[in-house]
Number of protein chains: 2
Amino acid sequence: MTSPSHGGDPEFESQRAHQILKEVLKKVKPDQAEVERLERFARFITDKIYSAAASLFIEIEVMLVGSAARGTWVSGEHDLDLFMLFEANQTRAELELNGIEIGKYVVKQDYSDEEFYCISYEKEYAEHPYIKAVFGDRMGGKYEVDIVPCFAVTDPAKIESAVDRTPFHNQYVLSKIAGLEDEVLLLKQFMRGIGVYGSELKRQGFSGYLTELLVIHYGSFLKVLKEAANSWKAGMRIDIESHGKYEGADPLIVIDPVDPMRNVAAALSIENFGRFIDGAHRFLESPSIDLFFPKEPAPVEIDEFDEIASRRGTRFIFIAFDRPPVVEDILYPQLRRSATGATELLHREGFRVYRDAVWAGRHHAVILLELEVATLPAIKKHWGPPVWKRRHAAKFRSKHEGATYGIHIKDGRYLVDIERKYTDAKDFLGANLRKGTLGKNLKNADFAIIEGKKIFDLLEEEDFKVFLRTYFEPRLTT
Amino acid sequence: MTSPSHGGDPEFESQRAHQILKEVLKKVKPDQAEVERLERFARFITDKIYSAAASLFIEIEVMLVGSAARGTWVSGEHDLDLFMLFEANQTRAELELNGIEIGKYVVKQDYSDEEFYCISYEKEYAEHPYIKAVFGDRMGGKYEVDIVPCFAVTDPAKIESAVDRTPFHNQYVLSKIAGLEDEVLLLKQFMRGIGVYGSELKRQGFSGYLTELLVIHYGSFLKVLKEAANSWKAGMRIDIESHGKYEGADPLIVIDPVDPMRNVAAALSIENFGRFIDGAHRFLESPSIDLFFPKEPAPVEIDEFDEIASRRGTRFIFIAFDRPPVVEDILYPQLRRSATGATELLHREGFRVYRDAVWAGRHHAVILLELEVATLPAIKKHWGPPVWKRRHAAKFRSKHEGATYGIHIKDGRYLVDIERKYTDAKDFLGANLRKGTLGKNLKNADFAIIEGKKIFDLLEEEDFKVFLRTYFEPRLTT
């Protein structure tokens with residue numbers, strides 16, 4: 001199975017592929033001016049952090065990490081991760097307090113006479129609290145900056161938290177990436193195009209670091225695609241440094257070159273793993289630039305939604321929670337767990353969910369349930385003990401003596417038809433949702449259960465309507 | 001767990017039980033005149049068979065077997081089993097031909113000057129063909145007679161067919177039953193009252209021989225009930241002669257005293273096993289003569305059916321076959337297998353059957369399906385191969401490229417929503433029933449699929465309407 005193409009003449013397809021990759025690079029690779037501008041800003045902000053630390057009498061080393069440090073950033077994407085390395089002899093609390101103090105000192109300065117200035121900032125929470133800021137230049141350019149504290153450890157085996165690992169990732173990639181940067185750009189853009197880029201828990205896709213490792217391992221964008229298409233399947237294991245000790249059942253396992261216990265692809269869902277293989281097939285069979293730059297999915301408006309729903313003949317029930325004040329990386333896993341909980345609750349009762357999905361906006365966190373069986377009869381079966389369990393049997397019989405339809409015996413057990421309290425899934429959910437498994441922050445959140453197109457009264461956000469489009473029509477066709 | 005009663009004062013209940021049993025016996029035990037009359041007829045018909053055999057130069061021995069021979073028959077029930085024992089050196093064909101010849105010779109005689117006369121007869125098929133006749137006397141009495149050929153074997157281990165075993169059963173019971181006949185009558189009537197008497201495959205209950213063995217084993221009607229209530233459970237094993245070699249998973253195993261390889265209770269269903277234990281509980285807790293002589297279930301008429309169906313909120317679908325020309329013992333197992341086949345067919349498609357039942361009348365054989373889920377959406381899931389099966393994946397993608405809602409990936413496999421051909425269980429069954437498992441004689445029988453009360457247009461038989469009553473309200477409450 002090494003034939004690179006099914007679609008037509010392999011030679012021709014391959015030439016076409018190379019042509020397309022050139023076009024893609026033209027769009028995603030920053031030009032000299034953009035690179036210089038970002039480097040200039042990186043130097044500027046690095047100096048600001050050093051001088052802020054000096055003013056506060058705190059000793060740190062500043063390190064630019066991430067794609068900006070490695071030349072693997074896509075044009076227009078100006079995200080800078082600036083890590084402040086603290087000596088490892090400090091406490092975690094000191095590191096966090098000092099880290100925030102320096103960050104605030106940086107963003108609150110007077111930039112009126114400077115080349116760059118701070119537009120906004122906020123305190124965010126990952127492993128440690130850190131400052132996230134947006135800077136601008138006088139030409140309308142914008143820069144997202146994360147100013148993150150971590151411990152300067154000498155050995156990645158001794159890290160205190162995940163962020164401490166980042167400088168090692170940076171060193172590793174820098175030592176291997178020279179000459180492969182363009183390949184990384186192609187892979188990132190391809191993954192973005194087919195919707196699998198980003199390891200945040202909303203997306204569950206490939207991280208930037210993971211794309212870099214894949215290119216380092218296989219050697220080029222096309223080689224990554226060919227390997228994915230020809231030899232990847234669930235359980236695929238890549239161990240560049242041949243030192244892996246990680247044992248897990250993830251769809252893709254890429255052992256971290258700086259940490260044998262860690263799977264870099266741990267956040268990748270089986271769906272996105274599959275989507276990437278599918279995308280690789282499609283590109284190799286029939287190369288197209290559309291895979292890199294797909295059309296934006298059109299929002300689904302109320303009338304179309306109504307029309308689709310009635311064509312499908314299913315019923316749509318939305319559980320709309322008031323959004324709890326947590327970040328997406330915390331919210332999405334809870335929403336998914338809650339969707340599974342609600343589905344199990346419905347299934348235990350005899351309703352049937354066709355498919356589910358979750359979405360979160362500014363004010364709401366929503367579970368979409370598409371129901372295949374949304375109404376049930378007025379009666380349901382209620383099983384009793386085996387007839388030969390004499391005391392239980394007597395109790396059951398006396399309890400159900402007045403049963404409308406008498407007591408049955410089936411497979412040696414008593415069985416009565418009892419009235420179902422809720423014959424409609426919507427009513428049932430309304431009364432029982434809190435009995436199911438709900439994520440921690442959703443347990444006490446207010447919620448409304450909304451059927452069908454009424455959801456448009458509550459949610460007018462464009463992003464929700466786009467979410468509906470991807471629900472109905474996933475981006476798997478070119 | 002030896003307390004005989006939960007219902008009230010044990011002493012009092014016990015006295016009441018004995019009082020009730022006396023009343024029952026008064027009703028079911030034939031009086032002297034009825035006994036003499038049956039004995040007189042038995043001698044009459046035995047003589048007729050002997051003289052018929054003599055006229056045809058066939059050598060046999062005639063043996064009256066069954067309840068009439070053992071004094072365990074219920075008043076009004078005048079069934080006589082007359083077995084003709086042939087020497088074992090004959091072929092099976094000879095036995096069958098000669099058996100029928102004698103039978104016909106008996107029933108076709110001129111009885112105009114005799115005390116008894118033949119009203120009707122027919123040829124029936126069990127292990128061998130045999131003559132089944134109805135005789136009458138001049139006082140309006142009626143007698144059902146089976147004239148059955150069998151081989152006279154000396155050892156039950158050497159029998160050729162099941163009927164050859166019957167003479168041994170007869171001898172065994174006769175050697176043990178003296179003084180216990182009334183107890184057998186009570187047990188038979190009790191089982192009849194709660195609907196578990198009769199080992200024919202329509203009923204799947206207790207045979208007459210089985211009731212006799214239970215009384216012989218436990219010693220009395222009440223002891224049978226107490227043991228059933230206190231110590232029976234599925235898998236109960238009784239081996240009177242301690243010689244059993246039968247290994248099966250039947251709910252009740254009673255080793256045949258004349259054949260260690262045979263379970264006398266093999267025909268008993270787990271439902272009827274359970275019903276008997278339940279009935280025993282109920283009688284011991286609160287003795288009542290109603291258990292022996294329940295009210296006849298009232299037929300369910302069309303309006304009540306309609307009312308019940310809409311109260312339950314389920315949908316009733318009847319599969320009405322033209323009745324194939326086979327006896328009930330062949331038809332009922334096929335009907336049950338077919339009902340299971342239809343249910344599985346529906347479940348595989350996503351419909352859901354709440355409960356099913358079968359009934360056969362003169363012209364029709366009917367499967368009742370009560371549906372919990374009778375309609376489904378316009379779409380259903382169609383799973384494709386895992387995305388990493390490259391050739392299958394490519395085939396699947398190209399086949400479903402135009403899919404209305406695109407191709408999804410779930411758990412690493414392709415998935416599309418396709419149109420469901422039949423969204424209604426009735427239409428689906430009509431088109432697919434023959435693809436399911438149907439009994440041999442039903443496979444090619446014409447059938448109609450009829451919904452709800454329309455079945456009353458086809459089936460006007462009282463017995464069907466009574467069947468509906470027992471479907472809705474099984475006789476498990478006194």
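Start at 1 and count along the chain as shown; that gives each residue its number.
The backbone N, Cα and C atoms fix where each Cβ goes, and this holds for glycine too.
Annotation comment: TrEMBL describes B:53-169 as domain 'Polymerase nucleotidyl transferase'. Secondary structure of the domain 'Polymerase nucleotidyl transferase' (B:53-169) per DSSP (helix as H, G, I; strand as E, B; remaining residues coil): 34 helix, 44 strand, 39 coil.
Annotation source TrEMBL lists CTP binding site at B:Ser67, B:Arg70, B:His169, B:Lys188, B:Tyr197. Contacts of B:His169 (CTP binding site) defined by a Cβ separation under 8 A and a same-chain sequence distance of 6+ are given as B:Val65, B:Tyr209, B:Asp256, B:Val258, in order along the sequence.
Annotated ATP binding site per TrEMBL: B:Ser67, B:Arg70, B:His169, B:Lys188, B:Tyr197, in sequence order. Its Cβ taken as reference, B:Ser67 (CTP binding site) is surrounded by 22 other Cβ atoms within 10 Å in the chains shown.
Per TrEMBL, the feature Mg(2+) binding site maps to B:Asp79, B:Asp81, B:Asp146. Applying an 8 A CB threshold to same-chain residues 6+ apart, the list for B:Asp79 (Mg(2+) binding site) reads B:Gly66, B:Ser67, B:Ala68, B:Trp73, B:Tyr143, B:Glu144, B:Val145, B:Asp146.
Per TrEMBL, the feature domain 'tRNA nucleotidyltransferase substrate binding' maps to B:182-293. Secondary structure of the domain 'tRNA nucleotidyltransferase substrate binding' (B:182-293) per DSSP (helix as H, G, I; strand as E, B; remaining residues coil): 54 helix, 15 strand, 43 coil.
Here TrEMBL flags B:312-450 as domain 'CCA-adding enzyme C-terminal'.
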Taking 10 A as the limit, how many CB atoms besides its own sit near the CB of B:Arg70 (CTP binding site)? 22
Could you tell me the mean pLDDT over the domain 'Polymerase nucleotidyl transferase' (B:53-169), as a whole number? 93
CB neighbours within 10 A of B:Asp146 (Mg(2+) binding site), counting all protein chains shown, number 18
Restricting the comparison to the binding-site residues B:Arg70, B:Lys188, B:Tyr197, which residue's C-alpha is spatially nearest the C-alpha of B:Asp81 (Mg(2+) binding site)? B:Arg70
Please work out the number of neighbouring Cβ atoms within 10 Å of the Cβ of B:Lys188 (CTP binding site), leaving out its own Cβ. 25
Under the DSSP assignment, what numbers of helix, strand and coil residues are found in the domain 'CCA-adding enzyme C-terminal' (B:312-450)? 44 helix, 52 strand, 43 coil
Which number gives the other C-beta atoms within 10 angstroms of the C-beta of B:Tyr197 (CTP binding site), all protein chains shown included? 22
